[in-house]
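Engineer: Okay, handing you the structure first.
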Amino acid sequence: MGGLVNKLRRLAAVPERAEGRPHLILTVVCSAMFLDLSNLSAVTIALPTIGKQLDVDQAQLQWIIAAYALTFGSFLLLGGRGGDIFGHRRVLLFGSYFFALFTLVCALSPSFIGLVVGRAFQGIGAGFTIPSAQAHVAIHFPSPAQRANALGFWAAAGSVGFIAGLIMGGVLTALLSWRWIFWISLILSGVVIPAAHLVLPRARESASPPAGDNETASQEQSAEPARTEKKLFHSIKARLIRFDVLGIGLGVPGLLLLTYALTSGNISGWGSAPIVSTLVVAVVMLGSFIFHESRASQALVNPRLFHSASFNMTLVLAVATYAVRQACSYFLTLQLQSFGNSPLQTAVLFLPVGVSALLANSVAGRLVPVLGARVMFVLGWGLCIPGVVLFSLITPETSYWRYTFPGMILYIVGLGAVYITANFVVVSSAAKSDQGAVAGVFNVALQVGGSVLGLAVLTAVADGINARFGEPGSDIDQLSRVGYQSVYYSCIILCVIALALSLFAIQVPEAMRGSIWEKKEIEMNDLSTQPRQEASENPVVTRSSSNARTRD
């Protein structure tokens with residue numbers, strides 16, 4: 001029996017390096033990204049219908065999105081570090097199964113509370129899946145050109161998922177039921193999970209015994225079943241020892257409380273006792289987390305990562321990227337619906353965003369190793385700024401094709417270039433053993449710093465300016481033009497600051513400066529050395545001409 005088990009284990013094991021499989025691996029992990037983004041955008045577009053059927057108001061309805069964001073952002077660090085310790089394949093599969101289970105819960109939920117709980121647990125599953133999926137991209141595409149290209153496809157998969165989710169959410173909600181959003185996601189999970197089992201590589205098994213030692217090998221094989229349980233116990237124990245339990249206990253609840261406070265602040269009021277107390281506790285816990293991590297021997301996040309100036313500045317640019325993206329997407333959706341467009345019509349109007357992101361991300365992944373990180377950052381922000389300026393000119397009377405359509409293309413192409421470049425710089429700044437933790441840190445910066453904090457601050461700005469200068473009686477769901485313009489102007493200021501940082505503050509490592517500049521440096525060096533070479537080859541001519549000038 002033990003021999004049969006060992007044969008089955010060897011048959012199922014995929015080699016660690018999986019030569020010839022990198023593109024299959026990329027397809028699987030991009031499918032996980034597609035599933036996450038499509039589910040998120042589909043649920044967002046279906047919110048009005050869900051609210052009517054479950055009889056909940058607008059303020060409560062936001063918890064369907066907020067519950068997911070809360071847990072997703074809070075478990076990214078744990079999911080990333082868990083992949084480094086237990087293996088990215090195991091953690092990705094665990095997260096995928098967890099996500100699928102609670103997708104089923106959402107589909108069957110009879111009440112609003114049940115749906116919110118299901119969404120919260122979906123976020124936990126995604127918090128384990130996404131960092132491990134991204135780590136696979138960094139590990140199996142080691143060369144800079146291949147890695148940048150793969151990250152371009154990774155981002156493009158998210159763009160396709162965003163488009164598909166908008167269409168799926170609008171069509172399913174209009175023709176069938178919002179519950180079919182979760183049924184379709186469950187079916188897609190049923191495709192992604194078996195593919196991950198078949199394609200993603202396991203850790204390499206120990207080497208087989210040398211030829212000629214058949215007797216010893218047979219004795220070891222007969223003793224293997226007796227040792228399996230003991231080896232498994234020691235393996236799990238050794239991995240658990242590497243887990244920073246105190247760091248988890250401080251970091252995960254700290255991020256959870258911070259995300260909750262930032263999400264609820266604009267609804268409950270930033271000066272309310274629950275929000276203030278939650279923020280204080282979150283700051284204390286996260287401060288203690290940072291203090292502990294700087295001294296822990298097995299830190300949840302390796303402190304060495306933050307010794308790199310380019311790594312830290314790139315995280316700042318990543319936060320700005322998602323803050324602008326989430327703010328423009330959210331308020332542009334409200335603005336288009338305030339012009340009388342239905343949710344399905346609004347989804348159709350947003351299709352240029354997804355299509356442009358898909359095309360731009362595919363191209364940007366190829367340009368990063370050629371033009372270099374700094375040029376791509378500057379190019380990205382340089383495209384984004386005029387796009388957001390066009391958003392600020394939108395009125396109910398202006399045509400969609402005049403400002404909205406070109407603005408969507410410019411802003412999303414620019415942000416896509418910045419996102420892929422930032423992702424490339426971050427994953428290239430870390431060793432293979434830290435790729436899960438790096439993916440966790442990067443996605444925490446995007447989700448908590450950009451999506452949650454950035455959107456909360458910009459929403460507070462819009463709400464405050466709208467209350468003071470806008471139309472009397474208008475709220476955050478019915479902003480006046482002044483309110484929308486305040487958001488877009490704030491985004492423009494943020495983009496200009498990010499552009500300045502990209503030009504003057506970020507220190508780009510030599511390996512990320514772009515192959516085109518290396519070629520020009522080589523050509524300039526060749527030109528500068530050519531006269532010296534000619535002089536050394538013709539010493540007599542040089543001396544004679546020099547003497548001639550002296551006599552003259």
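From the backbone N, Cα and C atoms, a Cβ is placed for every residue, glycine too.
Note: TrEMBL annotation is automatic and uncurated.
From TrEMBL, for reference:
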type	residues	note
TRANSMEM	24-47	transmembrane segment
DOMAIN	25-510	domain 'Major facilitator superfamily (MFS) profile'
TRANSMEM	59-79	transmembrane segment
TRANSMEM	91-113	transmembrane segment
TRANSMEM	119-139	transmembrane segment
TRANSMEM	151-174	transmembrane segment
REGION	206-228	region 'Disordered'
TRANSMEM	240-261	transmembrane segment
TRANSMEM	273-292	transmembrane segment
TRANSMEM	304-324	transmembrane segment
TRANSMEM	344-363	transmembrane segment
TRANSMEM	400-426	transmembrane segment
TRANSMEM	438-462	transmembrane segment
TRANSMEM	487-506	transmembrane segment
REGION	527-552	region 'Disordered'
COMPBIAS	539-552	compositional bias 'Polar residues'
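For the listed features, I'd like the structural context: burial, neighbours, distances.
Structural biologist: Taking Cβ pairs closer than 8 Å, the transmembrane segment (24-47) reaches residues 18, 61, 64-65, 68, 92, 96, 99, 103, 119, 122, 126, 129-130, 133-134, 136-137, 140-141, 150, 153-154, 156-162, 164-166, 168-170, 172-173, 178, 181-182, 185, 188-189, 191-192, 195-196, 199-201, 343-344, 346-347 in its own chain, all 6 or more past its ends.
When Cβ-Cβ distances below 8 Å are used as the criterion, the transmembrane segment (59-79) is approached by residues 40, 43-44, 47, 50-51, 91, 95, 112, 115-117, 119-124, 126-132, 248, 251-253, 255-256, 259-260, 263-264, 267, 300-301, 436-437, 439-441, 443-444, 447-448, 451-452 of the same chain, each at least six residues removed from its ends.
With a cut-off of 8 Å between Cβ atoms, the residues of this chain six or more beyond the transmembrane segment (91-113) that come close are 29, 32, 35, 39, 54-56, 60, 79, 82-83, 119, 121-122, 124-133, 136, 179, 182-183, 185-186, 189-190, 192-193, 196-197, 200, 436.
Non-local neighbours of the transmembrane segment (119-139) in the same chain are 25-26, 29-30, 32-33, 36, 39, 43, 64-65, 67-76, 78-80, 82-84, 88-89, 91-92, 94-103, 105-106, 147, 150-151, 154, 200, 423, 427-428, 432, 435-436, 438-440, 442-443; each lies 6+ residues outside the stretch with a CB under 8 Å from one of its CB atoms.
Sequence-distant contacts of the transmembrane segment (273-292), counting only residues of its own chain at least 6 positions beyond either end whose CB sits under 8 Å from a CB of the stretch, comprise 244, 246-247, 250-251, 253-255, 257-258, 260-261, 264-265.
Long-range contacts of the transmembrane segment (304-324) within the same chain: residues 377, 384, 388, 411, 415, 418-419, 422-423, 425-426, 429-430, 434, 437-438, 441-442, 445-447, 449-451, 453-455, 457-458, 491, 494-495, 497-498, 501-502, 505-509, 512, each at least 6 residues beyond the stretch ends and with a Cβ under 8 Å from a Cβ of the stretch.
Here the transmembrane segment (344-363) has long-range neighbours at 45, 152-153, 155-156, 158-160, 162-163, 166-167, 169-171, 173-174, 329, 333, 336-337, 400, 404-405, 408-409, 412-413, 416-417, 419-420, meaning same-chain residues at least 6 beyond its ends whose C-beta is under 8 angstroms from one of its own.
Long-range Cβ contacts of the transmembrane segment (438-462) within its own chain (Cβ-Cβ under 8 Å, at least 6 residues beyond either end) map to 69, 72-73, 76-81, 83, 130-132, 134-135, 138, 255, 258-259, 262-263, 265-266, 270, 301, 305, 315, 318-327, 330-331, 422-423, 426-427, 429-430, 476, 479, 483-484, 486-487, 490-491.
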Engineer: What parts of the chain pack near the transmembrane segment (151-174), using Cβ distances under 8 Å and only residues at least 6 beyond its ends?
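Structural biologist: Distant contacts of the transmembrane segment (151-174): 26, 29-31, 33-46, 49, 134, 137, 180-181, 184, 343-344, 347-348, 350-351, 353-355, 357-358, 361-366, 368, 416, 419-420, 423-424, 427.
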Engineer: Averaged over the whole of the domain 'Major facilitator superfamily (MFS) profile' (25-510), what is the pLDDT?
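Structural biologist: Taking every residue of the domain 'Major facilitator superfamily (MFS) profile' (25-510) together, the mean pLDDT is 80.
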